[in-house]
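Database features (TrEMBL):
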type: TRANSMEM; residues: 56-75; note: transmembrane segment
type: TRANSMEM; residues: 82-102; note: transmembrane segment
type: TRANSMEM; residues: 108-128; note: transmembrane segment
type: TRANSMEM; residues: 140-157; note: transmembrane segment
type: TRANSMEM; residues: 177-202; note: transmembrane segment
type: TRANSMEM; residues: 214-237; note: transmembrane segment
type: TRANSMEM; residues: 316-333; note: transmembrane segment
type: TRANSMEM; residues: 364-385; note: transmembrane segment
type: TRANSMEM; residues: 397-417; note: transmembrane segment
type: TRANSMEM; residues: 748-768; note: transmembrane segment
type: TRANSMEM; residues: 775-799; note: transmembrane segment
type: REGION; residues: 811-832; note: region 'Disordered'
type: COMPBIAS; residues: 821-832; note: compositional bias 'Acidic residues'
Amino acid sequence: MPDQERQGLLDSFDGESVAPVKHNALEPEPHGFKEMLKKWPKATFCIVGNEFCERFSYYGMRAVLTLYLLNILQFNNDNATILYHAFTVVAYASSLLGSILADGYIGKFWTIFFVSIVYAGGNVMLAVSSTFDKASHIHPYLDFAALFVIGLGTGGIKPCVSSFGADQFPSHHTKMISIFFSVFYFTVNAGSTISMALTPIFRTMPCMGHDSCYPLAFGVPAGLMLLATVLFMVGSVSYKKVPPKENTIKRVCVTISVAIFNFFRNWNTKRDHWMDHFLDNHRCENDPKCLALAVKGKRVGEKCAQQQFADDCKSLVRVTVMMLPVPMFWALYDQQGSRWLLQAVEMETEIWSGFNILPDQMSIVNAILILIFIPIFQSAVYPAVERCGIRTTPLRKMVVGGLLAALSFAVCGFVQLRVNQTLPDIPAHDTSFVSIINAFPNCGVTVTNDMMPHGNAVFIPANTSLIEDKVKAIDELYRFKVGSKKNVTFIFTYNGTDCFDYDKNPLNIVKELNGGTTYYIATTPQGLLSDTSSLKKPQEGEGESSVSLDFLIPCSSLPANVTWDKACNATNNSTETSYNSTIAACEISDRPHCDPRNKLYGEWNRGKHVPLNSLRSDVSQGTRYGHQDLKPGTYQLFYVKNNQPPGTDRTPSEHDLQFVQIPDVVLQIKGQGGVYTLTVAKDGNLRDLSVKKNLFNVHPVVPKNHVNIVWQLPQYVIITAAEILFSIPGLEFSYSQAAPSLKSVVTALWLITVAFGDAIIIIIDMIVKIENLAIIMFVFGAAMVIVIGVFTLMSIFYYDYVDYSKVEQEDESLPGGEENGGYEEVDESVKL
């Protein structure tokens, strides 16, 4: 779970909820478990339950969001990445609006309540949208509206819930408040971890006639968000509702704006700091805050409230400048849910036989490691470094954390270089690739072409094909320079024992090749079939491979009980036309049957008739089916008719199907992520009805995944260590270095850095088009090294640590809760 959640916890210690008070007039703080339990505000259990459900909802939805954008909304990898991070920008940028609404207008309770209703509504909208078919005009408009509403909702309540929980305790019960935050943080991690484990499983369940179930994957988080809202309202009668105070963020913006305006207006007036120009027109005798100090016995002008706030804003500016490099860290960190997930989709997900980790479950590693690493770093790593004489200041930790983040992306890049070996080469815009499939069982073929007239003969043994497999260093494809388009003549010469008269004369085919396209030509006893090859690996994230089907069995060879094919029923020549209704791949068994609810099931629906080049005058066409995703296993093929009423969304059962086995065809899928072309034809003379044997060929278009998903573990370990060293010390630095009156503002700014980080990803993706994921990883890693170099120089030459702790202990409250936030400089040796 991302450690940004700790920001909300720190927001509770903003100098208001747990400000120092005099204890002698108040109830003493309870000690001991039983006493604490007796005094524990029961309403906080509703708040904790609300947070568990809300985090389950948010992280569950976000875990499957990238795959939803890819597979249901049909966006490509780049656009899916942009949209994923655009959602994150909304989620974190809107936290500023939630903070303003809660602190300056309606208070935390009503902010949480109203925004939660909006949040739940967005979840319901997304769940409803996911029930529509991919081709529905509802997509992507309802999805985008839902994601925008969810982003506003999660961001709106993010800065409010934890601090509202702290408000339920007396401010001097510091130990109980500390325990509450421990419970709260554990709940945040529990909700996010459980959801990231379960929601991808919900996604893989078949439902509503589809292989995946995004309505369930989004519906469960929607239900949990509705439950979160109900749980929160259950405790409403018992909550302590602190009324909203001054809108500090608004006051800061006004103060800085006035200072900038006066700076340019009074250009010739010199001040020690440009923020001092805020006081150019200030008169204490006209300011209510300054006049109120007279009540405490001070002369007007002796202590200026606005001067102190201007000084606080100076500290805020210094801290904000040091935050400028922080978004780059989040630009790397948040790609775990986008590009790292896309990398996982292209990897082997089977850890051992029968046990798979889904690609969108890998983020669990970060959530678990966070809980393990925090105590290890606090109790072992930092003390060990201190014993070596090196002070572990926040800025030093952040420098190391940033470098580790860059290292994690370098590791990811090297892993991707290995993954790239299982990815196909995409032909350039002026180049065409061509593969040849020989589906004859006992007849070899020699192929020549007019583009390479000398020494270009290629022999293809029986039942093999020309393939490309970079893992095995095999590259057999034809690669032609064709410009935008060119006709190429291929000549097939046959030689073998069972060539069915094809060995008497060569067979020619003239193929129009377009640049930037990969083709295949399949030669079978029925003739030559040619089409384009799809190079797209499956991206459902369920460990499947993609199989297209060329089916050349003519209507004359169908079993007598296959009577439902309209093309066969309408033709006058049953040997010219091929079957083109539904064909299913079902798990092989001793009792041939098809069960659509078995995970080893897939079906090719109505195909398209394609022409055949043949020596036979009685053969004119075959059937080309598109790609179907199949999980690893062994399959047999069936002619299938679904007897369900039209429009039925329910996944059919075995009893809803009428099926007849296609003999002699056994399809074995080994591994994950491969792309294959299955060719099925009749072996022998079509007019000889005594010949019932079928033949088949499996042509690997793109090889299966070879790199196991466990190779992502090192980059997750490193990025988690980077988070411990960067995010937590970053929060500590920004919080401790901010004036007490502006701690809530600094917390809001920290949340905004996450939004800016995701905006960096979007901007880079839109400006720089890089197809190779490995190069993208190296670019982001190098950018992080440069940014950390600048950050190191800023830490050494720009920033001096300050200490507010002594001043806070002696602080004297000003009217309206205002604090005198002066500070003491820390020794110069503490730089960086």
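In case you wondered, yes, glycine gets a Cβ from its N, Cα and C as well.
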Output the single range from 82-102, 108-128, 364-385, 397-417, 775-799 maximising the number of Cβ pairs under 8 Å to the transmembrane segment (316-333).
775-799
Does the transmembrane segment (177-202) make contact with the transmembrane segment (214-237) through 3 or more Cβ pairs under 8 Å, each pair 6 or more apart in sequence?
yes
Does the transmembrane segment (397-417) reach the transmembrane segment (775-799) with at least 3 CB pairs under 8 A, where each pair is 6 or more residues apart?
yes
Can you say which of 56-75, 108-128, 140-157, 748-768, 775-799 has the most Cβ pairs under 8 Å with the transmembrane segment (214-237)?
108-128
With the transmembrane segment (56-75) as the reference, find which of 108-128, 140-157, 364-385, 748-768 contributes the most Cβ pairs under 8 Å.
140-157
Please indicate, using numbers and ranges, the residues of the same chain that are 6 or more beyond the transmembrane segment (748-768) and have a C-beta under 8 Å from a C-beta there.
4, 7, 11, 78, 81-82, 85-86, 88-93, 95-96, 99, 155, 158-159, 249, 319-320, 323, 326-335, 338, 730-731, 734, 779-780
